[in-house]
Amino acid sequence: MSHRQCSLTGVSGNVRLSLDLACAEMETLSIDSAFASLTEDEGPYEELLNTAQDDGILKEIDISQHTKEGFEKADPSQFELLKVLGQGSYGKVFLVRKIKGSDRGQLYAMKVLRKATLKVRDRVRSKMERDILAEVNHPFIVKLHYAFQTEGKLYLILDFLRGGDLFTRLSKEVMFTEEDVKFYLAELALALDHLHSLGIIYRDLKPENILLDEEGHIKITDFGLSKEAIDHDKRAYSFCGTIEYMAPEVVNRRGHTHSADWWSFGVLMFEMLTGSLPFQGKDRKETMALILKAKLGMPQFLSPEVQSLIRALFKRNPTNRLGAGPDGVEEIKRHNFFGNIDWNKLYRREIKPPFKPAVGRPDDTFHFDPEFTSRTPTDSPGIPPSANTHQLFRGFSFVATNLDQEQSIAEIRQNSTVNTIVQQLHGTKIHFTDGYEMKEDVGLGAYSVCKRCIHKITSVEYAVKIIDRAKKDPSEEIEILLRYGQHPNIITLKDVYDDGKYVYLVMELMRGGELLDRILHQKSFSERETSAVLCTITKTVEYLHSQGVVHRDLKPSNILYVDETGDPESIRICDFGFAKQLRAENGLLMTPCYTANFVAPEVLKKQGYDAACDIWSLGILLYTMLAGFTPFANGPNDTPEEILARIGSGKYALIGGNWDTVSDAAKDIVTKMLHVDPHQRLTAPQVLRHQWIVNREQLSQSQLIRQDIQLVKGAMAATYLALNRSPLAPKLEPVESSSLAQRRGMKRLTSTGL
């Protein structure tokens, strides 16, 4: 085995420690060997953050030096390394899974600090971060669950927030309005005020340090640069933070208080609303000069309320700055810009965020920088620190309470190319067949084939959709599935692979088969059951439409059962190959507020037309379930011209056969869903409010008569074939995913304290 000499500089900067490390072992370090050289905790010093919640009010109680009964002390061996989430000069942040204890299986972010390679200031900084986090229990601040140390390292076990950071959202994904920005700033103001109430100056406020949880609420993190002050009159003099966000009093080192955070708050507000920073020179020196003296260029497209708040925050004399007075954050909360915010509802997280991050598997890291997530997650063995470091980190370990109340984290992902997605999931060398065994075909489409497959380790069966890259770009389909696949009636995307020629989408296996197959094979299927099926499907379509997504291919063969129970709740809408997410002209997604205020009428009209097409497809399905045959085709041999002529005339039978026994309400809803004018067709919410859905219990349970199954399916296939060949039909093409990052050229700002 080949070896190499690795030199590390000790704390003093002049002590060199040489280790003989095996390269191969470093590359493939297991969780056991990764921590093998670390000694046990240095002593009995462990502390417990004891927070109590009474009547909805969060109370902070002093830290005591004991471990609460029923909770075990954590150590590195209790965590499985999954991925690297980030890396700084002082250490790494890993995605980890707890493999022991009462919270076994829970995902966390683990910040590992290498004590032997930290500057003394950094060591003090990491201790400070632990002290601050231990005192903080707030809905918009990252929670510390454990902290512990070994001879070589410090560990912070934090919330894993899979929505990524606000920087990603700002730079490459979503169009915000002033109303949207107001939501984030309001939550941020509450978080900063809480820190200030504890005597903490945050000082490193920037989008990268504002994370999003699975619902889209913010959580601020990285307290490494925070200074703990006794009171608001005590000033801190350290020069730290990110230059572009620094307050003038921080730049000139004349001492600063918590009001410096409100300047940074203003910088963030300006950047979110304009896409640029208010004071940014060609280099560090020029930027500092601009912060100290430059006149602010105020864009006139900003509302008067926004301009007023920004000017009040950008006061170079900190005592005149909004938020610096005796009322603190109340001054900011009273400003006209925040006039329509219900602060109590906001604190209780009852206000819906403007953007929900895309979601996927529990351990996905789509929203984190692929520069880090593609790395092998190895925590290199710690170097024994110099003797005088023990006192500095004495009392570092503690356990958080209420583990049983901590919920597992929900889902994530970002607007990205397939290559980036795959790299973040698997790195660059793993092929689909490395993880799965391919089996027989279960479906065939124009651009893809679907096969059954088996996961080699777990033996769980899945379906894999194999898409020919040359024929179809699957980016939009992948993003929609990851963002909305957590809905119970939308197929779940489990994994993504790409070999350059084909993209492999691993999904739930639909064991129950196609909806029409199951219904037509059943011995009895009633009008009441038909109403239940349509209700489930329409609720799902309503959810998609409310999110700006149109499916555009809702033929019955794309609606399947996940199991063989026949329960309507086991229905899944599948195949989002033609689905489209409403986007702005520059390709970015839009919040509902942006859509309502800034989207051109013709764009909304096109979106409405596509949504109406989805309803029309559901009308075809409903007609077929009720009548036992399709409305516009008699069989597989009907020509496209014949079918299109019938569709264009809007004529179909509502008498004879089953129509003589089904309710008038059924005929009414069918007629309104199949209306030839898309503008007069029912919307998804209107379908759900129709009496035929609402009063389902009054409907007949008599068996409906059906045609031969092959005849019905053939007629249905002929209908959709005719539609897709028609020049009058909308052209079904995938929208190219866009990842614009022009606001700051995707150049991440580095912190001077690192």
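Easy rule for this one: first residue shown is 1, then count along the chain.
Including glycine, each Cβ sits where the backbone N, Cα and C put it.
All annotation found in TrEMBL is predicted automatically rather than curated by experts.
Looking up the ranges 62-82, 629-649, 671-691, 734-754 in TrEMBL, the one annotated as region 'Disordered' turns out to be 734-754. DSSP assigns Lys465 (ATP binding site) to a strand segment in the three-state reduction. Counting Cβ atoms from all protein chains shown, Lys465 (ATP binding site) has 26 others lying within 10 Å of its own Cβ. When the binding-site residues Leu85, Gln87, Gly91, Val93 are compared by Cα distance to Asp553 (active site, proton acceptor), the shortest distance belongs to Leu85. The average pLDDT computed for the domain 'Protein kinase' (436-693) is 87.
Its own atom aside, the Cβ of Val93 (ATP binding site) has 23 Cβ atoms within 10 angstroms in the protein chains shown. Counting every protein chain shown, 15 other Cβ atoms lie within 10 Å of the Cβ of Gln87 (ATP binding site).
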